[in-house]
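Undergrad: One structure coming up, written as structure tokens, with questions to follow.
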Amino acid sequence: MTLERTGRDEEKALTQPPSGHSSVQAGKVGVLLVNLGTPDGTDYWPMRRYLGEFLSDRRVIEWPRAVWYPILYGIILARRPKKSGALYAKIWNREQNESPLRTFTRAQGQKLATALADKENVIVDWAMRYGSPSIETVTKSLIERGCDRIVMFPLYPQYSATTTATVNDKFFEALIEMRHQPAVRTVPAYPEEPVYIDALVRSIERHLATLDFEPEVVVASYHGIPQSYARRGDPYYEQCLATTARVRERLGWDEKKLITTFQSRFGPEEWLQPYTDKTVEQLARDGVRSIAVINPGFVSDCLETLEEIAVEADRTFREAGGKNFTHIPCLNDSDEGMAVIESLIRREMSGWA
């Protein structure tokens, strides 16, 4: 009798947590959408915090810290927050007091959650690489809500160490201190995925159908990276060209109708070329009167698309003699854009949900 009771007691001890031990929820799959980031406001200090975090990332600026930090903290962060804040103020979502990137990313998360309603064990959330909500905060929140598996989706169609890799880095950093880590998967870049190319083609066709002019040239403008990064093995340049080529094939256009350029260069280094601003200016000087610009590498409209392209590139083109300019919006939370996100997430969740 004593031995039987002892055996039952030992079995009970193995199946029940120790006294005071917190219960562990399990069985859910977290989906984490991550975009680049946004300041919390347009004033000096919110901009300085955001720019400081962004520009101190070793994946973004690969210069030796002894060279870069005096420039960053001594010059750039003293001057650039005011200038950048003024630019953000032009596109700021004043109704929700946030940048459009945050508005669109939240909407993508909400719509994805609705689309995945058939998966009862899935929780969808979103985060930013720089600024808030942070990857660490949201990752911990998913785990606290019972997720023992997480699919993390860096929202960058083309891979670069400056974007996809640094999001992966930050996500893995969030796991380092955890004793009980979740199983994880990361969604790879998708520069030639049929669902993505189809979404871009539909977006282009729909937008051009609303115009009262026919663009002579359509410019596919991607965010640039320093040429030195590409020489050291970053595949971004080739993947951008591949995306443009697939879109061009689907539309039946030639290489003069749809061209690839790169924008947003920063600092003294040579970046990927041709540069967008110089290209639209030269097109106008060469007699082209009507163009359209699309940003295939941006999942959501943001400062670089709404201000740098829709405003500045438009002005540059017209001042050089151009007449008609249109910016084709990013996929954002459109039906086509959400089809891309949902399709890739369902594929990567295979076997989990």
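Every residue, even glycine, has its Cβ placed from backbone N, Cα and C.
Remember, predicted model here, so these are calculated numbers, not experimental data.
In case it helps, Swiss-Prot gives these features for our protein:
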| type | residues | note |
| --- | --- | --- |
| REGION | 1-23 | region 'Disordered' |
| COMPBIAS | 1-13 | compositional bias 'Basic and acidic residues' |
| BINDING | His223, Glu304 | Fe cation binding site |
Undergrad: Which of the three DSSP-derived classes (helix, strand, coil) applies to Glu304 (Fe cation binding site)?
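TA: The residue in question, Glu304 (Fe cation binding site), is helix (DSSP, three-state).
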Undergrad: How many other Cβ atoms sit within 10 Å of the Cβ of His223 (Fe cation binding site)?
TA: 26
Undergrad: So how many other Cβ atoms are close to Glu304 (Fe cation binding site), meaning within 10 Å of its Cβ?
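TA: I get 19 for this one.
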